[in-house]
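Colleague: The repeat 'PPR' annotation in TrEMBL covers 47-81, 111-145, 173-207, 235-269, 297-331, 398-432. TrEMBL lists 614-702 with the feature domain 'DYW'.
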């Protein structure tokens, strides 16, 4: 670029140059640096201010090399030139030393603006010691300098120091008063904030809104509303602050009433209302707000995705995430976390890989929480190798990441590996939390390590601040039950300091099923009926126990009891991902799939091969009072077998067949799938409501022994899969 010298401008040219300089600054603020540079190059005459405007624009738009190059080539510089340089170099932490050097190199006396530009950089990057040192060295300070340092102290939570600085200020404008007030509110010192608010010589709408937000954030939503009602004026931020306060307090009805009364509904208010509706389970209401919005930002899409995800409309969450990307909206942190949770719940591995790629593009791969969610996704999709690689390459690890791997190994039946990670975690100096102990105890349960499980459980009270809760006692009941210590498990329940819940009694029920202990099973079933009167699961399992020990009359009575009480049993459904679609199968309803004819043929062929391999159907897993041939026919059409058959039809050889089920896999299907894997020489990975089962060459890695009854079988049910084979286009 040819840079002519700066010449004295005739008075007739001055207005045109001033207008051109303003145009450069305006285009730079809008992010249009090509236009700003074109305007600069098109000027027949340029002043130092012209160069200053373009230098500042380059820095503002993260083009520091271009800014520095232009600064060095400037024909002449004034104090504003150096101030622009200091301000620009202060935007990045790594160039702060250069900003300090630029301040020291100014050939004329620096102004308060020069010092304040560097001060702002120190505060922006959390270097408060440097900021305070520079502030004390400044030959001159103004209210902006004080306010910048005040904000830094408040952001760091150093409220008392901030108050002393506030009291030192020679003059305090409404910005400083409001900053101090907000600092008190953020620290939970709401009474002091109110005193300061009442002392303010002048208030504006921002001050009022800060006080209202302070009340709302600290649980005083009624006081917030009273203050809101007496505001002399309100703006969109005021309305939104009150709305958010109601939502944070769980007062969704009040929030909806306020939302409907708003004269204008900004994007932030709509986003907040969608979050509130989602938290209350009002998905249709959230979708109605979403559909009516003329403008949307990344928070809008994130709120809608979260509403779907937390209410288990998983397919809709995936579809919305896809639409967001198609419209060119960059995913934000909450939407990535939500969609990883959805991929984990649905176990759609290919889609999860694409989300991983999106994380890399958006630089979320260095965030510990996002990577923890990514590891969990890979684990729940059955790709333990990828989870391990991600875990081992990320530093530093937090407790959530360690927990993900411990739990993941346990869910895959790899108890030794899970306990190894548990010990590595303690050696690394990371303190376990309650979830860590759940994962370690589960690993002991799956590997039959009763002694180690007792030691870990006892260590919680001896050397840990974590006190055992219902979840930990449930793990111990499961551990003892699997080991055949059913009576001891019952004694533990009766003597535990917390009230046993349905999960604990369900674990005991599963132990009774495994060891055919009908007497204790009846006790557990009775307790489960009290806790979950509409759940048929315990009685189905009790009927199976009666059948397995030959108490046919009791089994028949139990079936009649279930029918007479209209008890509900969640319908079993399984699904498999193929060709960017999720294919759903429901037990006994094979005709619902568009390719049912070929699936039926594969099931019939598998029946023949299974019989030739010595398989005999276990009719005890069929609740209905029908003959053995009918029972075998019923078992053939269990949802997991349909999904496996479809996988054999579609998944290429050499690739594992990954099937997910919303309930526990039945024992007969477990035996059948084990043989199918051997007969077909395929690897089959089945994830049920509790864990993974790996089948290969007639072997499996999980010990299929305990059918415990959960209070909630799975976060999925067939209602979420109304659209069978719903399309899931990739990112």
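Placed from the backbone N, Cα and C atoms, the Cβ positions cover glycine too.
Describe the structural context of each listed feature in the structure shown, including burial, neighbouring residues and relevant distances.
Modeller: Taking DSSP states H, G and I as helix and E and B as strand, the repeat 'PPR' (47-81) has 25 helix, 0 strand, 10 coil.
Averaged over the repeat 'PPR' (111-145), the predicted model has a pLDDT of 93.
Nonlocal intrachain contacts for the repeat 'PPR' (235-269), taken as residues 6+ away from its ends with a CB within less than 8 angstroms of a stretch CB, comprise 205-206, 208-209, 212-213, 215-217, 219, 221, 224-225, 228, 275-277, 279-280, 282, 285, 293, 295-297, 299-300.
Same-chain neighbours of the repeat 'PPR' (398-432): 368-369, 371-372, 375-376, 379-380, 384, 387-388, 391, 438-440, 442-447, 449, 452, 456, 464, 466, 690-694, 701-703, counting only residues six or more beyond its ends whose CB sits under 8 Å from a CB of the stretch.
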Colleague: Give the residue counts of the repeat 'PPR' (111-145) per reduced DSSP state, in the order helix, strand, coil.
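Modeller: Tallied per class, the repeat 'PPR' (111-145) gives 26 helix, 0 strand, 9 coil.
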Colleague: Within the same chain, where does the repeat 'PPR' (111-145) have neighbours whose Cβ lies under 8 angstroms from its own Cβ atoms, ignoring anything closer than 6 residues to its ends? I mean 6 or more beyond.
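Modeller: The answer is 79, 82-83, 86-87, 89-91, 93, 96, 99-100, 103, 151-153, 155-156, 158, 169-173, 176.
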Colleague: Please spell out the DSSP helix, strand and coil residue counts for the repeat 'PPR' (398-432).
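Modeller: Taking the repeat 'PPR' (398-432) as a whole: 26 helix, 0 strand, 9 coil.
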Colleague: Tally the residues of the repeat 'PPR' (297-331) by DSSP class, grouping H, G and I as helix, E and B as strand, and everything else as coil.
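Modeller: Across the repeat 'PPR' (297-331), the residues distribute as 26 helix, 0 strand, 9 coil.
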